[in-house]
Amino acid sequence: MTKFIFVTGGVVSGLGKGITSASIGMLFKARGFRTTNIKIDPYLNYDAGTMNPYQHGEVFVLDDGGEVDLDLGNYERFLDTSLSFDHNITTGKVYSAVIEKERKGEYLGATVQVIPHITNEIKERIRRIARDYDVVVVEIGGTVGDIESMPFLEAARQMQIEEGRENVAFVHVTYVPRLRVVGEQKTKPTQHSVKELRSLGIQPDAIVARSEDPLEDSARRKISLFTNVPEEAVISAYDVEDTYEVPLMLEKEGLPAYLARRLGLPEREPDLEAWREMVEKYKSLTDTVEIAIVGKYVKLADSYLSIKEALKHSSVANDVKVKIRWIEAEDVERQGVKLLEGVDGIIVPGGFGARGTEGKMMAIRYARENNIPFLGICFGFQLTVVEFARNVLGLEGAHSTEIDPQTPYPVVDLMPEQRDLDRLGGTMRLGAYPVHIKPNTLARRLYGREIVYERHRHRWEVNPDYVEKFEEAGLVFSGIAGDDERRMEILELPGHSYFIATQFHPEFKSRPMRPAPVFRGLVEAAKKKKYGS
């Protein structure tokens, strides 16, 4: 019988429900249970694909092409797994499905309502995923009390009745602030949040109390008393330097063991040795390198969350800690490349639109001409081609037709299959595609094999009409699409300390124990630049 753990949030948003959910899933998987995570997003968008990174953070892309919430990236990294588009349930998906069924007459003339039709659709989607697993962790986005999340909380309440209380548990993540004036942790916000949750028919089985420092015993006792939750199930989750410490914290606090007992699962010791070694190694690193990320969304670091994590994974692999220098591309346009002085490596990440493109190309040129390790991703790959066309081939005015439709040298152009589309959502070249890597290249050395599958999210590509000119000038296209040999996937510059760019997003498949090869190579080159071989 599948066991369900619903994770809800209270008091304020941004407490780390995603990391908590990922950690719970990882700890059950470490006990040998077949485990997966589901994220519920109460917004009306069908998916995350058209959402502004400043509002929602990065759009994470799955193997099957799903454009999803960044929390699914955390799930994949913590559980070392690959999820599907169905693992992200949104209000937009649910309502679209119900309306489509109503139009087809599947409800036999019934009045279609939130209860039971919307809640039934939610439950069916959760159960569809759950069939192949022992434990399913379901994170319900938003904060208890939000109108948007009401149908999902109601569906979760119903599932506890239908599946049996012994098969469904609730974990509520709350905030316990410390008021400087009185110097004590305040539990009243948690009490009121649980009161709100109980008014919806849900009694939490465990409370994860987020705080700046460890939860005091007096606060733990008070939370237990006023929320009807055992003291052992009031979990202290205080701020830590590295999110990968959270599973170890929750394990020490006894949360997974308590939930296993609550759900009638057999007691098992978790295999956390490799994870613990990874965390301890990262904390012990003393040597550092500084890598600049030159982008258009750097004011919100979550816009590039998977890149941050890939650099962290590569830190452990290379025995050196990466310090990130966040640089707004438009600031490079205004202040020049002096903003890049002293860095050991440069990344130009993906993005859309004209803002900051010249600044990004200034950063690319600076890396190319000064032998600074460089990695370009997606739009960064395309702008690397544009920069090379302008400053090496001498093609004045060369550009991508995305930015300049009238450019005399369209070295980056819209893919043919994209030209007649009339909608934005879900229509890009999305998901995992095969990439064929040429022998005797940097890319082949990094990946160690001929064919790799990497995740994509783009509409534009290198114009194949210009490939020969680039290669004659010394640029090497070392990776080619497996589904179209005219589509360039990886470029590199021989003789440079490290200069590589990819049309795909390597960060989406990076894992704590298995860093993405191009990130690992970048950090290795940055370390060599700073400290020598």
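The backbone N, Cα and C atoms fix where each Cβ goes, glycine too.
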Further ATP ligand in Swiss-Prot, beside G14, L15, G16, K17, G18, I19, within candidate set D64, D69, D71: D71
Per Swiss-Prot, S13, D146, I147, E148, K186, T187, K188, P189, T190, Q191 bind CTP; matching candidate in K39, K104, K123, K222: K222
Swiss-Prot annotation, L-glutamine site containing Y54, G351, F379, G380, F381, Q382, R459 - matching residue among E330, E333, E396, E402: E402
Candidate with sparsest Cβ neighbourhood (10 Å radius) among E139, E507, the listed recorded positions: E139
Distance, G14 (ATP binding site) to E139 (Mg(2+) binding site) (CA atoms, angstrom): 13
Sparsest-packed of the listed binding-site residues (G14, G16, G18) - C-beta count within 10 angstroms: G14
Distance, E507 (active site) to I19 (ATP binding site) (CA atoms, angstrom): 18
DSSP three-state assignment for I19 (ATP binding site): helix
D71 (ATP binding site): secondary structure state under DSSP, collapsed to three categories: helix
Spatially closest candidate among L15, K17, D71, the listed binding-site residues, to H505 (active site) (Cα to Cα): D71
Max pairwise CA distance, angstrom, over record-listed ATP binders G14, L15, G16, K17, G18, I19, D71: 13
